[in-house]
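**Student:** Shown below is the structure under consideration.
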Amino acid sequence: MATSCNIRVMCRFRPLNEREKALKENQTCVTFPDETQVIVSGQPFTFDRVFTPESTQKEVFESVKDTIHDVLLGYNGTLLAYGQTGSGKTFTMGSAAAESDFENVEQLGIIPRGNHLIFNTIAEESDGNAEFTIKCSYLEIYMENIQDLLNPKNNKQLKIRESKSQGIYVEGLTEEYVASEEDIMELIQVGESSRSVAKTNMNQRSSRSHSILIIAIEQKSSDGSKKRGKLNLVDLAGSEKVSKTGAEGIVLEQAKKINQSLSLLGNCIHALTDSKREHIPFRDSKLTRLLQDSLGGNTKTTLLVTASPHFNNVDETISTLKFGARAKSIKNNVKVNQEKSAAELQIIVNALTKELSILKVYSISLENLVNYFKSSSYQPGNPIPKELEPNKQNLLLLQQQSNSSSGGGGSGSSGGSSNGSLMMKPRSTTPTPPSINRPHSSASTHRHSIAITGTHSKEGSGGGLTSSISSSSISSMSSLSSSIDNDYNGSSLDDSNGSNGLFNPLAIVEMSIEMEKMKEDTQLLIEKFKDEISEITIQYQSTQEELNQCRQQLDQIKEQLEQQRSQFIKEQSLLKESERNATLDSTSKDLKIQSLISKIEDLRLLASQVIQYLERKRLSDDFDIGIFMGSQDGANGDSANMFSLISNSIDQGTYEDDVNIEDIIRYLSEEEVLTMQVKLQLQNKVHQLEQKIQQLVSDLNTTEINYNQSILQCQKFESENSLIKRKFKSMFSSSNNNNNNNNSPPSSPSSKLLIQSSNNNNNFDSNLNSSSLSSSLPSSNGIEQDQQVDHQVDHQVENDHLVNDEDNKLLDENSKLKENELKLLLEIKNLKLQSEKSNDETLKWKDELSIKSALYQNQILNLQNENQSLSNKLNVEKQQKQSSQSQQIEFATKLNDLIKSSEDDKELYRNEKNQMELEIASLKASLDEMDLKNKELQDQLISTQRLIGARRVVKIVRGGADSMKTALATKEVFGQFTLRKTENSKTLFQ
């Protein structure tokens, strides 16, 4: 018998993490009055158990382990973890436990502790008379696709199926037999290596999919009975806010799918708690479909909601607790999944055969009565012969005759009376009228009917027929014979007491005709009502879908508008700031350029003075030394030539390639060398300043280009805003057309404003470009530059006024758009009212139809006959025999197919092994090649290091001609040595 039980809901709050402790507002918003209550921001919530942040893993498991014990007793169980991302779901479940975590026993979660409990209870409670088989499977729901974590190569789409024996299951999912808790943890680690995980701001290792670990336990006793229990360990992905997690790209798409599936799960729970709701949307997502048995089905479910106690996550915590409070009122109808043994089935079969024999005898007696009424010897008003009365003696005689006959139910005869009474005729072979359903028990006739349903089980070595019969039906079978005897003894008729008018054949014929007419009329009415109900439901569903689509579109448009408004405001502020920064940069750069120009002029004057000083000194030196150096005219000519070369090179600012600097320095004195160094430093500074000026000019150009690009981006955003406004207007016009209103909204002047703003921006850009070009060139008159700057500032002020006017116009347009949104909301409310009216009408129709159908069903039930019910029973028995035979044949064929598939799988595994061996051999060969290449590279590195170590630094020694010759000789030797080494290195690398 099925029993109802509520879903158990428990709540756990995790401790504050390091990020929350680092915040200034490191305060909690949660208080715990007792073990079953929690208060969050003044809102109280009550659950079966509440765990504080100081609670341990052991305490949580002790409150949850009853579900695992129920699975060992033959029930289905589910442990479900739900909560915000980073709230501790995976830690509580223990699905991501690594090998190092097993050393710290206190940190183990529900899954490893549950595995330990399962195998310990089997070892302690089993007395050797029972056999246990445990199978494990592991799956994840990623982006609304079911993936087999134990066999990731299983790329085919796994489908969800439903059957009476297995309930809801995944077709083609890998199941592994396990013999210890270590086997299960190894499978979990294999599955976790294939799971989808990503890093977010809220969690360093955030699960991007829902995972379900399924442990199926089958217990077979010595008498042949079986118990099956299934434990579902569900670790849901956390609900996320993109603003907090910072998800982008693929992670953002994953977050959308996760939030969508969790919202659909919430819709199912809301529908289950609503008493007026008839349809539960389990098929809207894969997650809700797999959890259908856990939510209102044949499963004992425990929901564990996890939350954060920090004030920053108070909204997510309250929504999570509301989810758990709503799920707490769901009731599940659970029963033990048990198959009866052969002895129990034999008792049931014996009781049924006994009932059948009694019913067959009773049907023979009734058929004999009917044949008597149809015969010519029957006259209305005459008493019924005693041999045909359905009393106990006649029934015993008929039973003996049926047992002695070979056909097992052939013709039966009764002994005649002294005055030659009528002989009993055999059972008529005339066709019986169609069967009409009848209630199982009636107060007037004390007769019972028992239904037997047989199904073949695929699991196990041999499939037998399993019958499910309630205890009430077995008790009714045991009391059947006594009730029938009492009926027969009480139904004897007296010849003297009113035998007139007991059976009127004309009335029976008329009643049968009326019954057939009533059947036809009621069937026609029922078909009409069914058609009308189907049409109404289709219309209702279509209107609901249209309304939902309209709501979704409106919500999306609102979100897009709000995002674009915020982006537009941010971009405007950024543009203004960039304009201000650009003006400040331009002014600062102009000042820098002017200062650099003044420095360059000063340096030029200094350089000219140095050159004049050098020329004067050269002339004075020539005049003083000319007399003393009369004999050395050639040398003086050389020195004069050298000084002329130096002066020419200094005047030109560049040195020729043919001049040797060392020769020049050798003939100079110390003062001349110092003057030369000063002049060279000055020239280097001048060159550096010129380079800086060029860099500043290029920076100005780049800033102007960036400013132009920012203006173009602003224009693009404004054009996108206008397009969005047009789309919104088109949506508004389409909604008005659907409501048969042909009034079109007035056109907004946004396009004109955009054109004016783009023209103004272009003018402003041209002014800026001209101003920047004029400011980049050095001006002769400072007064004209100041006037130009004032003129540019005036233009900028005018442009700012224009931009402000355009902003005001855009704000006016936004107010108009808000008015249009309010109108749309009013229309949506009207549509909702219309849909509610249609719903009320459909409910009224349904109530009327249910009343009418109930009346017609009562009439039909009152018009049923006992003969038809008996014939229905016989037909059901025949069909059951045929179905059992067909099921045995199907089971044999399925066994053959399984054997063939297992052989095919073995061949596939062999082929895969061979392929893996070939791949390993190829990898080994590639490793050998890589080792050879590494050795060659190491040799090349050694040779290059030797070359680098062999190089010598050549120092140029200042002095006489001999030292210069030795320096040149060492240069030539070093060059030849390096050339040889480079040629050798090239040959090595080739």
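Along the chain as shown, residues are numbered 1 onward.
Cβ from N, Cα, C; glycine included.
From Swiss-Prot, here are the annotated features:
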- 6-330: domain 'Kinesin motor' (DOMAIN)
- Gly83, Gln84, Thr85, Gly86, Ser87, Gly88, Lys89, Thr90: ATP binding site (BINDING)
- 401-485: region 'Disordered' (REGION)
- 406-418: compositional bias 'Gly residues' (COMPBIAS)
- 466-485: compositional bias 'Low complexity' (COMPBIAS)
- 732-788: region 'Disordered' (REGION)
- 733-781: compositional bias 'Low complexity' (COMPBIAS)
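Help me understand the surroundings of these features in the structure.
**Tutor:** The DSSP secondary structure for Gln84 (ATP binding site) is strand.
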**Student:** With a 10 Å radius around each C-beta, find which of these binding-site residues (Gly83, Gly86, Gly88) has the fewest other C-beta atoms nearby.
**Tutor:** Gly88
**Student:** So how many other Cβ atoms are close to Lys89 (ATP binding site), meaning within 10 Å of its Cβ?
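**Tutor:** Result for Lys89 (ATP binding site): 26 neighbouring Cβ atoms inside 10 Å.
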**Student:** When DSSP is mapped onto helix/strand/coil, what comes out for Lys89 (ATP binding site)?
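**Tutor:** The three-state answer is helix.
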**Student:** So for Ser87 (ATP binding site), how many other CB atoms are inside 10 Å of its CB?
**Tutor:** 27
